[in-house]
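Novice: Here it is: the structure, laid out below.
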Amino acid sequence: GAGKPPLYGDYEAQRHWQEVTYNLPIRQWYFNTSDNNLLYWGLDYPPLTAYHSFLCAYIAKLINPDWIALHTSRGYESQPHKLFMRTTVFVADLLIYVPAVILYCFSLKETSTKKKASICALCILLYPGLILIDHGHFQYPLSLGFALWGVLYLSYDWDLLGSVAFCLALNYKQMELYHSLPFFCYLLGKCFKKGLKGKGLVLLSKIAGTVVVSFAVCWLPFCTDMEQIMQVLRRLFPIDRGLFEACMFSSPPPRLANIWCSLSVLIKIKNMVSPQTQLKLSFAVTFLSVLPTCIKLTVQPSLRGFKFALVSCALSFFLFSFQVHEKSILLASVPVCLIINEIPFMATWFLLVSTFSMLPLLLKDGLLLAYAVTTLAFLSVCVASFSIFDKTSAEDLQLKPFSLSLKGYVSWFKSFPKIVRSLFLLSVTLMGVLSLMSAAVHPPQRLPDLFPVSVSVISCLHFLLFLVYFNVVVLWDSKNSRSQKKIS
């Protein structure tokens, strides 16, 4: 949206939030006033985002007050300001996200040497989806970084620190709800395992107290009256906008790779079902899709099951929940990065598809060259580092328990590696061809949205298959499986 009034783009949204938080009192940050038009990039993220915007604005004010001047700074896009804004993202990366990735990789038992840990960290940090969105569509990586710190702390059994870290993630972006059920079920399962009449009850009380205090600290300035709290919540969850509000970057048919937008190509859901029914339907389907994984994690809590549940639940939320955005696939992709050392073949495949699914958004942002370069670099490093084509057996893909349960019924499991490799090559070829056609070929006049719709539908079909795969891995995982790995 650079240089395109009246809204410009997400870059302007982040700049405008700095303008609002610096110049207006806290009680006005989320309210519509003459100085804060909520229709012009009004704040719609939790308080921690607002505080971060204020901090950036304070530094911006010291450098150039014009960058955040009330009203007159709208659409400000000078080169020095772009450098400042890029720097704020880079600093956030270096302080929160990158250290979490590096420490995570160096603490894994599977990465027993520094070289293996470095390779694992390099592959995660080269994931093109996050690079392209954070620096192209423009957002900060803090919520994902805090969530990674939460996973890291829980890996060491530092449950209270893990709870604090995830509370910070949730108070930075409400989309971290995608990860909330695995965190909740894993910690609850640990409490059950310790016994709710003894140590388990003590742990549960400590975790509950930690969560309450963390939220209270983040929300304290907004707790002056109930109207303040309700207004913030209304901004965070604007359910009256409808099922497809997040597809605002495209006219119908939508370009989002979730089930509702893909189905709308054939079935006009918005015309057939009322907004209230849409909300109920999406809630019901999302709840049912995450239920098996959550039950398994609560009954048999394990670190390995927790990481796979993060992927499965986030993917379910992306596919079935209400008001999904194209870049929400990052919430499933980052947990996949955490298991890239365990299932390098499937993780690499998923991460390629997740980047491809955002192609219409990336093309809109003028990121074709960056998309091609980062994707090829990521694929090359993964192939060279993990020898992914040699990791396609049922055991390598964590499907051994499932294959044993089907023994005698499914004869093609013997040729399973060859089938999987063929499907991967077909998938990559299809994504490459569609990427080239989207960028270089004019669609037929009768079907102007042919390529973006094709991208969304094909990506959605991939994600549905991946959802089945990850659920199978979680549900067929034995409690005492030798493949359960804990961090040393």
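Residue numbers in this text run from 1 along the chain shown.
Placed from the backbone N, Cα and C atoms, the Cβ positions cover glycine too.
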Novice: When you get a sec, could you say which of 118-140, 279-301 is annotated transmembrane segment by TrEMBL?
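Specialist: Checking TrEMBL against the ranges 118-140, 279-301, the transmembrane segment one is 118-140.
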Novice: I need to check the long-range neighbours of the transmembrane segment (305-322): which residues 6 or more away from its ends have a CB within less than 8 Å of a CB in the stretch?
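Specialist: Tertiary neighbours of the transmembrane segment (305-322) are 151, 154, 177-179, 181-182, 185-186, 239, 243, 258-260, 278-279, 282-283, 285-286, 289-290, 293-294, 296-297, 328-329, 331-332, 335-336, 338-339, 460, 463-464, 466-467, 470-471, 473-474, 477, 484.
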Novice: When you scan the chain for residues with a C-beta under 8 Å from the transmembrane segment (453-476), skipping those not six or more beyond its ends, what do you find?
Specialist: 253-259, 261-262, 265, 289, 292-293, 296-297, 305, 308-309, 311-312, 315-316, 318-319, 329, 343, 346, 350, 353, 356-357, 359-360, 397-399, 401-402, 405, 427, 430-431, 434, 438
Novice: Counting only pairs at least 6 apart in sequence, do the transmembrane segment (146-170) and the transmembrane segment (329-356) share 3+ Cβ pairs under 8 Å?
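Specialist: Output yes: the transmembrane segment (146-170) sits against the transmembrane segment (329-356).
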Novice: Go through the chain and flag residues at least 6 beyond the ends of the transmembrane segment (423-441) whose CB is under 8 A from any CB in it; none is fine as an answer.
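Specialist: For the transmembrane segment (423-441), the sequence-distant neighbours (Cβ-Cβ under 8 Å, at least 6 residues beyond its ends) are 345, 349, 352-353, 356, 359-360, 363, 368, 371-372, 379, 451-452, 454-455, 458, 462.
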Novice: Residues of the same chain, at least six outside the transmembrane segment (200-222), with any C-beta under 8 angstroms of its C-beta?
Specialist: 26, 30, 46-48, 159-160, 163-164, 167-168, 171, 187-188, 190-194, 228-229, 232
